[in-house]
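What TrEMBL says about this protein:
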- GLY97, GLN98, THR99, GLY100, SER101, GLY102, LYS103, THR104: ATP binding site (BINDING)
- 490-509: compositional bias 'Polar residues' (COMPBIAS)
- 5-345: domain 'Kinesin motor' (DOMAIN)
- 487-517: region 'Disordered' (REGION)
Amino acid sequence: MVKQTIQIFARVKPTVRKQQQGIYSIDEDEKLTHSLEIVLPRDLADGFVNNKRESYKFKFQRIFDQEAKQEIIFEIIAKPVAESTLAGYNGTIFAYGQTGSGKTFTITGGAERYSDRGIIPRTLSYIFEQLQKDSSKIYTTHISYLEIYNECGYDLLDPRHEASKLEDLPKVTILEDPDQNIHLKNLSLHQATTEEEALNLLFLGDTNRMIAETPMNQASTRSHCIFTVHLSSKEPGSATVRHAKLHLVDLAGSERVSKTGVGGLLLTEAKYINLSLHYLEQVIIALSEKHRTHIPYRNSMMTSVLRDSLGGNCMTTMIATLSLEKRNIDESISTCRFAQRVALIKNEAILNEEIDPRLMIVRLQKEIEDLKAELAMATGEQRTDALTEAELLQLEKLIASYLEDQDPESRLEVGADMRKIHHCFHHFKKLLNDKKTLENTVSSESTRQACQEPLRDEEYTKLLGLLKQRDNEINILVNMLKKEKKKTQDALQNSSLEKSDTRPPQNSPFIAGSPAVPRTPFSSALSHAQDLSICRHRSSLLHKKTGMREEMSLGRQEAFEIFKRDHADSVTIEDNKQVLKQRHYSVVRDYRLCQAGSLEAHNQWNRYLPQMGIIRLANGVQSGESNGGICTPKRLRTQYSPSPTPSAWKSNRAIDIPHILLFIGASSKPGHLLEGGASLESESSLLT
């Protein structure tokens, strides 16, 4: 991509009369640009005091004075553009100026001398000369010649142009594709293989141009002419083609109708010329503004055709032709101002390369044929387009064995034959489609079965009712558990109250009902018996609860267990159960200890009954009792034997056991009965 501004050059037309001194001057001291200064002579008719501007200064890439030759113009202006066209870039050269300033002479040239040839014939000669020198590429050249007369396009190379009137010729119309590329309908392209053919086409078009005599010019062109060279090049064997086009534009000259005084057809032509140049200037001004979004290319046919040349994909050069005579100073200044605006426009020229599809198809077909020939030479056999029946059967066997093989590293070896590879892929695709069809069938059957699901709504309703029934049963069980828990708590509270009423305080050393008698193992045995009865009552309640649970069904038992586990007081209940179990074990232990103590006391009692009888006998003798009151061992055993009824035994125990214990404690001393009356007296006194 080449980014550059439009190159502007100035050419001064030689004057017929002797040049007046001091009208213009050219400054060539600067390295990059030259400057042209135009001085306006003072007009005495405007008065002594005149504030008009007297000088104008303009810059150009190069300024050609009156003595400049056509060859120099071509070498400096047109040759670089022609070289870029041969390289594949678009190019445009157009001349702009007032009528009679030398535009046509610069672009086309004069017919009197060969050295007066203009840019177009010299460019054609240079292009064909370079094409003959460069044999590494294949070049194709086409020529077109467009005339825009009164905003209508005509083909100057149409063979019917001479025999027909201008109004009868087909008009060139503009077509635009989606990529905003311009195509011209009814504009012919003529191939030119040599320089002579191209020049003949140029001369044919020049003879068909509209030329008229005006007060400003004896042979004034009344139309804009665009001579286009279409050049394509490609390397042999390559599908890449380079397309380039070179526009050589000869614009019609602007003129002031008030100055020329023309009328009729010339006036109409002048109006169209000035209007098209006005639209061209509008496009130039819009392109020179940075923030302008819309460019009015479609206002005129000329700006539409030159869209690429103005701010597009093109390397553009402008030649400003000046007629620096006193009467044309104003038009020359206007031309220079227009050139300064054009110099602000930047173009982006890109290399026009594309791949020709026809050449690509031909090259690929040839490559396929060559590869087939090489393959046939390598294998030694000529392959046909289709596989044989034996080959197809063998491939199906290989595919089946490959699919049945469970080894993940197994391979399907079919060789380097693309026909076999394609057949394998086709077979795999067929198997996959069959599998998808089977899955679709199964899914359709499942869908049909799903449609029958509404028949099971009755079963669903039944299950829903059963679920509600189970929920009700669970709620009933929860209520029952709460009631049983309350009953158990009430029973435990009542038993604790009874126990507190029957058991004396722990700090009292006597039994209830006998405040003067100390507590003995027999009284503790009674209290343990009461505790045992309470425990049996609790165990009976628990047995009732467990019996009720055993009578419950398996589902109710499971619900009950879940309720117990998730209940908020489950931990407290378990702790109470452990406390009750420990208390039960302590009561049983105390009861068994009381039983052992009672047995020991009974044995001691039987052991000391004879001694008790002797004591009673001695007491009876001393008191003078009869024989009927004599105490014998048998009588003592009968008197002090426990009564079969618990109440009688309890009363006897409460009265006699203290005497027995006192007797046992007194008789534990050695020799208390064998040593005579002292001991007996002490015992009798103790007993009395």
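Placed from the backbone N, Cα and C atoms, the Cβ positions cover glycine too.
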For GLY97 (ATP binding site), the number of other Cβ atoms found within 10 Å of its own Cβ: 28
Other CB atoms, at most 10 A from the CB of SER101 (ATP binding site): 27
Mean per-residue pLDDT computed across the domain 'Kinesin motor' (5-345): 85
